[in-house]
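These come from Swiss-Prot:
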type	residues	note
BINDING	ILE49, ARG50, GLY91, LYS94, THR95, THR96, GLU157, ASP158, TYR159, ARG200, TYR210, ARG247	ATP binding site
BINDING	THR95	Mg(2+) binding site
BINDING	ARG339, ARG344	DNA binding site
REGION	1-49	region 'Disordered'
REGION	13-210	region 'Large ATPase domain (RuvB-L)'
REGION	211-281	region 'Small ATPAse domain (RuvB-S)'
REGION	284-366	region 'Head domain (RuvB-H)'
Amino acid sequence: MAIISSKKQPPEPNGQPNKRPESAPSVPKEKVLQPEAAIDEQGKQEESIRPQRFADYIGQKDLKDVLDIAIKAAKSRGEVLDHLLLYGPPGLGKTTMAMILASEMGVNYKITSAPALERPRDIVGLLVNLKPGDILFIDEIHRLSRMTEEILYPAMEDYRLDITVGKGSSARIRSIPLSKFTLVGATTRVGALTSPLRDRFGLIQKLRFYEVDELSQIVLRSAQLLQTQVTDDGATEIARRSRGTPRIANRLLKRVRDYAQVKSCAEVSQNIAAEALQLFQVDPCGLDWTDRRMLSVIIEQFNGGPVGLETIAAATGEDTQTIEEVYEPYLMQIGYLSRTPRGRTATKAAYKHMGFTPPNEQLSLL
């Protein structure tokens, strides 16, 4: 059975100067700005800093308001929560939100991912073992196989499982009733979902990048749970280099904590945070070596673009999917990159950040 994680909710508590890119990063073995989830040597601490209720979840106010209404309405009618699709860049809290939904509804949850559901029996085994009201979270749901999707259609709409028994002319469909459940799907590529699957979600919500003040609160909350002293300025320094992503903020916090401990610093101040993050090649705007390499390729080798995605991937050593889903969204968000039908172009702001003179200003100097 393809269950990655299955947890029962605990009782409710009693009531979050720019430099040119160098040829190689100082710390090449760990990509501290990659928001993909990774196996942490301190997995228990990673779990402990996850918020468990809406009251602890910082940011995403619009999303929380929508889900709060949906939860209260479902509870008042004694119904299960409608199926929910969460989409947005990685590391913004989609999995955490699914756990919070289970906590707020007072039900259990099961966590899996689409690549783990390769065979029909994988999803069947999950569905038949769901209890009434359970939440089934499927990460990377856009990667579901066609056969798995077709099994989900009647399960989502009518809470039944249609199984084909026999072969050829003697084949028949047998329907097995399922407990009413809530499917929460998460994806970074909502456009890659098929229309039949997407249309079966009653709620479709986007998670946005976080503001610096929200990330500062997250850093301070996590620091307290990790028993690390961080000043307000230190938290802000970490936050503004975190690419608007909580997962990155927490990861940078741990690396800064390590640096402060080795340097025998009683607390993480702004200066200590800046020194540590400089070691990891994270600049004041949150760009790492790969970001700067991308911009450098576009500006220096292709006069600002447009440049094709495959060319950028070859120049940086990253695959195209990672560039599209991890690096480009943030570069576009801060106005350093434009994506056109002909390729990627560097903006005027990117030129200035990288220490180059924009082309139009070069002409004015002639």
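From the backbone N, Cα and C atoms, a Cβ is placed for every residue, glycine too.
Here the features listed in Swiss-Prot are placed on the structure.
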residue: ILE49; record: ATP binding site; CB count, 10 Å: 19
residue: GLY91; record: ATP binding site; CB count, 10 Å: 27
residue: THR95; record: ATP binding site; CB count, 10 Å: 21
residue: GLU157; record: ATP binding site; CB count, 10 Å: 10
residue: TYR159; record: ATP binding site; CB count, 10 Å: 16
residue: TYR210; record: ATP binding site; CB count, 10 Å: 25
residue: ARG339; record: DNA binding site; CB count, 10 Å: 15
residue: ARG344; record: DNA binding site; CB count, 10 Å: 25
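ARG339 (DNA binding site) is 22 Å away from GLY91 (ATP binding site) when you measure Cα to Cα. A separation of roughly 42 Å, to the nearest angstrom, links the Cα atoms of TYR159 (ATP binding site) and ARG339 (DNA binding site). Across the residues annotated as binding ATP (ILE49, ARG50, GLY91, LYS94, THR95, THR96, GLU157, ASP158, TYR159, ARG200, TYR210, ARG247), the widest Cα-Cα separation comes to 37 Å. The DSSP secondary structure for ARG339 (DNA binding site) is strand.
Per-class residue totals from DSSP over the region 'Head domain (RuvB-H)' (284-366), listed helix then strand then coil: 47 helix, 9 strand, 27 coil. Put simply, of the binding-site residues ILE49, THR95, GLU157, TYR210, the one whose Cα is nearest the Cα of ARG339 (DNA binding site) is TYR210. In this structure, GLU157 (ATP binding site) is part of a helix by DSSP.
Summarised by DSSP class, the composition of the region 'Small ATPAse domain (RuvB-S)' (211-281) is 49 helix, 2 strand, 20 coil.
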